[in-house]
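Taken straight from Swiss-Prot:
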type	residues	note
TRANSMEM	6-26	transmembrane segment
TRANSMEM	36-56	transmembrane segment
TRANSMEM	68-88	transmembrane segment
BINDING	Gly76, Thr79	Na(+) binding site
TRANSMEM	99-119	transmembrane segment
Amino acid sequence: MYQVMLVALGGAIGSAARFTLSGLVLRYSLDWRFPLPTFTVNIIGCLVIGMLAGLASKEGFISPDMRVLLFTGLVGGFTTFSAFGLETLVLLREGLVGIAAAYIVSSIVVGLVLMWLGFELVKMTMQA
């Protein structure tokens with residue numbers, strides 16, 4: 001039950017952060033069809049989870065409870081694959097196949113690159 005509460009706490013914080021960041025990105029972005037708020041949240045989430053994975057790779061650096069709070073709760077509540085899927089479907093239904101394809105490819109490629117970068121940054125920092 002304790003870990004469920006940790007997930008709920010992390011999820012609440014992550015969801016509130018997602019809502020806030022998405023609103024800021026929407027307010028300051030150009031009016032175009034690319035779903036920039038969700039894209040921004042998801043790539044930042046990839047960077048953060050990469051950094052957390054780098055920290056977790058050090059034995060005992062992140063406790064199992066903290067891992068549940070951060071990975072499952074915080075980052076899980078922050079990123080949003082379901083919104084990514086829905087926005088892609090809307091783009092496809094509106095006939096915006098090129099934008100949908102760019103969104104899919106850039107989300108995956110940029111997300112993976114930032115995950116790797118986050119992991120490597122933490123690894124380099126911890127070696128110094």
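The backbone N, Cα and C atoms fix where each Cβ goes, and this holds for glycine too.
Long-range Cβ contacts of the transmembrane segment (68-88) within its own chain (Cβ-Cβ under 8 Å, at least 6 residues beyond either end) map to 3, 6-15, 17-18, 35, 38, 41-42, 44-46, 48-49, 52, 56, 62, 100, 103-104, 107. Look at Thr79 (Na(+) binding site): DSSP puts it in coil.
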